[in-house]
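The structure appears below as structure tokens.
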Amino acid sequence: MMERLTGAERQIALIICVVMAIVGLVMAAAGHGDPMGSHGAIVLIAAGITTFFVLRAIGEPEPAEDRTVDYYDDPTKAGLVIALFWAVVGMGMGVWVAAQLAWPDLRIDAAWSSFGRIRPVHTSGVIFGFGGNALIATSYHVMQRTSRARLAGHVSPWFVLLGFNLFCIIAASGYLMGVTQSKEYAEPEWYADIWLVIVWVVYFVLYIRTLARRNEPHIYVANWYYLAFILVVAILHIVNNLAVPASLTGAKSYSAFAGVQDAMTQWWYGHNAVAFFLTAGFLGMLYYFLPKRAERPIYSYRLSILSFWGIVFFYIWAGSHHLHYTALPQWVQTLGMTFSVMLLVPSWASAGNALMTLNGAWHKVRDDATLRFMMVAAVFYGLSTFEGSFMAVRAVNSLSHYTDWTVGHVHAGAMGWVALITFGSIYSVVPLLWKRETMYSWKLVEWHFWLALAGTVIYVFAMWNSGIIQGLMWRTYTDSGTLAYSFTDTLVAMHPYYVARACGGALFLTGAILAAYNVYMTIRHAPEKRPERDYPTSSEAVEPAVPAAE
Amino acid sequence: MFRKILSPFARLFEFHARTHYRTERHSMALTLGIIVAAGVGGFVEIAPLFTIDETVEAAPDMRLYTPLEQAGRDIYIREGCYACHSQMIRTLQDEVDRYGPYSLAVESQYDHPMLWGSKRTGPDLARLGNKYSDDWHVRHLVDPRAVVPESVMPQYAFLLDRTLETENLPDRLAALRAVGVPYSDEQIANAAADARGQARPDTDAADGISERYGDATGVRHFDGQRDRVTEMDALVAYLQILGRLTDAAFANQPLGEE
């Protein structure tokens, strides 16, 4: 793929690789005897591998292609394949941690295999590895198509994609070595955090520069969401990860915040990682791929506006609902609860907008599993946002908090919404990118759909049951006014649900493996077909069907 | 009437849609709009927590973690204990009855980061200190199911074999001071020796502990091994101080005691 870069671009890539190799070497030397040293070695190896590919291409002749007639899809393709790889790894880890809760001895006699260390590998693996790569890859695709312009630059998209994956690898390997800040979904230590900031700034510049090249007067709604995703994740990431390292030659750092302020900052981050990573970005996917696949325009432009700004404004306030009845001041809890309830309006506006878009195309939902993935994703989005607002109510939260109900809620969103919309998008974009007629096997897509749906439903029902049962058992009193159940009593009651949850997760994982196989076979064996009208051009479109404001 | 109530909202919506139709042609206008819209909530909720004095109660008897306890806390974080154990007793009757007085903000005043947790796969640990013997903790950490047959907790036997690394403790305490924990120069300078001394009461190193951290500090062989200081010593020392840094919560809620 490096042959498509010009000589100058190859040189820039080479310089970046060499700088990375030096950074890796310094980290490895300075951090010797500390996990940071191992991370230095990982950086060095990653830089070495990239250097190898760049060097192999550096003597090649200049590319002959005309860059004005085509989109630049190589990084998108790579990103999608990497996303599928992370899906299998992350979900595989998920099944393992779930199984450990049902059968705690299902581990080896090594520190790294305990629940506490592999659980963040699961969460980061699916959120950042699978979700993040899918977001970066689809954002490259969507911003080019909706702008009708080629990516602004050929090195920076690779830098963002590969740099982000280096972050993911450092994160996952760090957890196994015990490197963690303990902040949920922000566990990686200070040097990984700094690296992600660099990657993210390049990502933002790339996005804005591509938008600046656009041949459309208006910026399409999908891009608003991707833009919000990039911007707000940067703000959240920087603030929540403010920390002072114990030494520059070691991984350990201490958060700048303590106690109640730290708790609020963490859940401001944590809840908005859900909002701007797992919702805004994927809504960008939904707003592009669902109407495209259904061949119907978005139902309502105004609903899109309403829901977009509603989500951007309301979500930020909602984090404190993670801290009901804690030492966080009551006024902050109440604000969080209020905004969480109001959040239902823009959330359902989005879900409704997506479902109404399908009017006139419901026969396609019946026949086409790819579109059905996206339809069910929109339904799960609506369900889990309702559940979220409900659980944010203080009285409900007193029961649900600290129990598996929260875990079930998160997975209704993560499996039912995030993963399904991603798989739907992957199935619709892979044939286009690799210039194939269709996916290799529509039957496998159909199988994947039902496995994923069954897995999600089993998982969520198991967690609803265990969460509500445990919450009720904790607060049950005997007639004499003492607590009726010990903590271990509740643990015993959880066992069947933990088994069911592991089974649900295994079904979902099976579906992801089928997806990876299907994509591989599509790239290798599906018959070729050049897509029509998939190239950058000046706009021929009329203005959107909205009454002109003036 | 209904129409009248709704009309201002309809006008606002209309205005917003029209403005948006124009601004969505400018990527930088969108960028600014997103930053402003997303910035408000966080600022309003977080900034006052640093300025309003009542947010964190006063507790004059609040003491700091000793180097050994801080090392144990770092191990607690390293092993991901926070994924299954909360350290935050909510203001609910059943939680107070089960775990003890509800947690106060001041109790985690020096916790960088806080470990309030989000999930109780295992019980809350905010008031774990002095609830069980050191020996119970060691046996439980080595093989949880030998002590509680129904437990699903992983085994941490390897902590008994790993010598605690104390050389980095001065750096760690200094970093904690940089973020606001009032360790003195003396405490930082003696951090490594203090950590070893707290787990070896019969050595000279143990002398300075009570001087620097108070007489009530537990100085003993936490893991039962007399000849060395292990990671188990540190973790148990930390678990035994949980909820005991200050009596504020007990003083605050005399009825909270079970």
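Going from the start of the chain as shown, residues are counted 1 onward.
Cβ coordinates are placed from backbone N, Cα and C, and glycine is handled just like the others.
TrEMBL entries are annotated by machine, without manual review.
Under the heading heme b 1; low-spin binding site, TrEMBL lists A:H122, A:H411. Sequence-distant neighbours of A:H411 (heme b 1; low-spin binding site) (same chain, 6+ residues apart, CB-CB distance under 8 A): A:T456, A:Y459, A:V460, A:M463.
As annotated by TrEMBL, Cu cation binding site applies to A:H271, A:H321, A:H322. The Cβ of A:H321 (Cu cation binding site) has A:H271, A:Q333, A:G336, A:M337, A:S340, A:M391, A:A392, A:N397 as same-chain neighbours under 8 Å, each 6 or more residues away in sequence.
Residues or ranges marked as heme b 2; high-spin binding site by TrEMBL: A:H409. Within its own chain, A:H409 (heme b 2; high-spin binding site) has A:S384, A:E387, A:G388, A:M391, A:S400, A:M463 as residues 6 or more apart in sequence whose C-beta sits under 8 angstroms from its own.
Residues or ranges marked as domain 'Cytochrome oxidase subunit I profile' by TrEMBL: A:40-550. Computed over the domain 'Cytochrome oxidase subunit I profile' (A:40-550), the whole-number mean pLDDT of the model equals 94.
If you look up TrEMBL, you'll see A:12-30 (among others) marked as transmembrane segment.
Per TrEMBL, transmembrane segment is recorded for A:36-58 (among others). If one looks beyond the transmembrane segment (A:36-58) by at least 6 residues along the same chain, the residues whose Cβ comes under 8 Å of a Cβ in the stretch are 2-3, 5, 7, 10-11, 13-14, 17-18, 20-21, 23-30, 162, 166, 169-170, 173-174, 177, 179, 189, 191-192, 249-251.
For A:79-103 (among others), the entry in TrEMBL reads transmembrane segment. Tertiary neighbourhood of the transmembrane segment (A:79-103): same-chain residues 115, 118-119, 121-122, 124-126, 129-131, 133-134, 136-138, 140, 161, 165, 168, 419, 422, 426, 429-430, 433, 494-495, 498-499, 501-502, 505-506, 508-509, 512-513, 515-516, 519, selected by CB-CB distance under 8 Å and a gap of 6+ residues from either end.
According to TrEMBL, the transmembrane segment annotation covers A:123-143 (among others). With a cut-off of 8 Å between Cβ atoms, the residues of this chain six or more beyond the transmembrane segment (A:123-143) that come close are 72-73, 75-80, 82-84, 86-87, 89-91, 93-94, 151, 157, 160-161, 164-165, 167-168, 171-172, 175, 184-185, 187-188, 203, 207, 210-211, 220, 222-223, 226, 229, 273, 277-278, 281-282, 284-285, 288-289, 414, 418-419, 422, 425-426, 429, 433.
For A:155-178 (among others), the entry in TrEMBL reads transmembrane segment. Counting only same-chain residues 6+ beyond the ends of the transmembrane segment (A:155-178), those with a CB under 8 A from a CB of the stretch are 5, 9, 12-13, 16, 35, 38-39, 42-43, 46, 50, 72, 75, 78-79, 82, 86, 111-112, 117-118, 120-121, 124-125, 128-129, 132-133, 136-137, 140, 187-189, 192, 195-196, 198-199, 202-203, 205-206, 251.
Under the heading transmembrane segment, TrEMBL lists A:190-212 (among others).
According to TrEMBL, the feature transmembrane segment maps to A:268-289 (among others). Long-range neighbours of the transmembrane segment (A:268-289) within the same chain, counting only residues 6 or more positions beyond its ends whose Cβ lies under 8 Å from a Cβ of the stretch, are 127, 131-132, 134-135, 138-139, 142, 145-146, 183-186, 220-226, 228-229, 232-233, 236-237, 239-240, 298, 304, 311-312, 315-316, 318-322, 350, 354, 374, 377-378, 381, 410, 413-414, 417-418, 421-422, 424-425, 428-429.
The feature transmembrane segment is assigned by TrEMBL to A:301-318 (among others).
Look at TrEMBL and you will find A:338-361 (among others) tagged as transmembrane segment. Counting only same-chain residues 6+ beyond the ends of the transmembrane segment (A:338-361), those with a CB under 8 A from a CB of the stretch are 283, 286-287, 290-291, 294-300, 303-304, 306-311, 314-315, 317-318, 321, 371, 374-375, 378-379, 381-382, 385-386, 388-389, 392-393.
Among the features that TrEMBL reports, transmembrane segment is placed at A:373-394 (among others). Within the chain, the transmembrane segment (A:373-394) has long-range Cβ neighbours (under 8 A, six or more residues past its boundaries) at 279, 286, 289-290, 293, 318, 321, 324-325, 333-334, 336-337, 340-341, 343-344, 347-348, 350-352, 354-355, 358, 365, 400, 405-406, 409, 412-413, 415-418, 420-421, 423-425, 427, 449, 452-453, 456.
Sequence-distant contacts of the transmembrane segment (A:414-434) (same chain, six or more residues past either end, CB-CB distance under 8 Å): 73, 76-77, 80, 83-84, 87, 126-127, 130-131, 134, 138, 141, 278, 282, 285-286, 289-290, 292-293, 369-374, 376-381, 383-384, 445, 448, 452, 455-456, 459-460, 508, 511-512, 515, 519, 522-523, 526, 529, 531, 534. According to TrEMBL, the feature transmembrane segment maps to A:414-434 (among others).
According to TrEMBL, the transmembrane segment annotation covers A:498-520 (among others). Tertiary neighbourhood of the transmembrane segment (A:498-520): same-chain residues 80-81, 84-85, 87-88, 91-92, 94-95, 98-99, 101-102, 415, 419, 423, 426-427, 430, 439-441, 444-445, 447-449, 451-452, 454-463, 466, selected by CB-CB distance under 8 Å and a gap of 6+ residues from either end.
Take the mean position of the Cβ atoms of A:H271, A:H321, A:H322, the recorded Cu cation site; other residues of that chain with a Cβ within 8 Å of it are A:W267, A:G270, A:A318, A:G319, A:S320, A:L323, A:G336, A:S340, A:A392.
Long-range neighbours of the transmembrane segment (A:190-212) within the same chain, counting only residues 6 or more positions beyond its ends whose Cβ lies under 8 Å from a Cβ of the stretch, are 27, 36, 39, 136, 139, 143-144, 147, 149-153, 156-157, 159-160, 163-164, 166-167, 170-171, 174, 219, 223, 226-227, 230-231, 233-234, 237-238, 241, 243, 245, 251, 253. With a threshold of 8 Å between Cβ atoms, none of the binding-site residues A:H122, A:H271, A:H321, A:H409 neighbour chain B. Beyond its flanks by at least six residues, the transmembrane segment (A:301-318) meets 221, 224-225, 228, 232, 268, 271-272, 275-276, 279-280, 283, 287, 335-336, 338-340, 342-343, 345-347, 349-350, 352-353, 392, 544-546 of its own chain at Cβ-Cβ distances under 8 Å.
Beyond its flanks by at least six residues, the transmembrane segment (A:12-30) meets 2, 5, 36-48, 50-51, 54-55, 58, 155, 158-159, 191, 248-249 of its own chain at Cβ-Cβ distances under 8 Å. For A:H122 (heme b 1; low-spin binding site), applying a Cβ distance below 8 Å and a minimum sequence separation of six or more within one chain yields A:G90, A:M91, A:M93, A:G94, A:W96, A:V97. The DSSP secondary structure for A:H271 (Cu cation binding site) is helix. A C-beta separation below 8 Å, combined with a sequence spacing of at least six in one chain, links A:H322 (Cu cation binding site) to A:W267, A:G270, A:H271, A:G336, A:H401.
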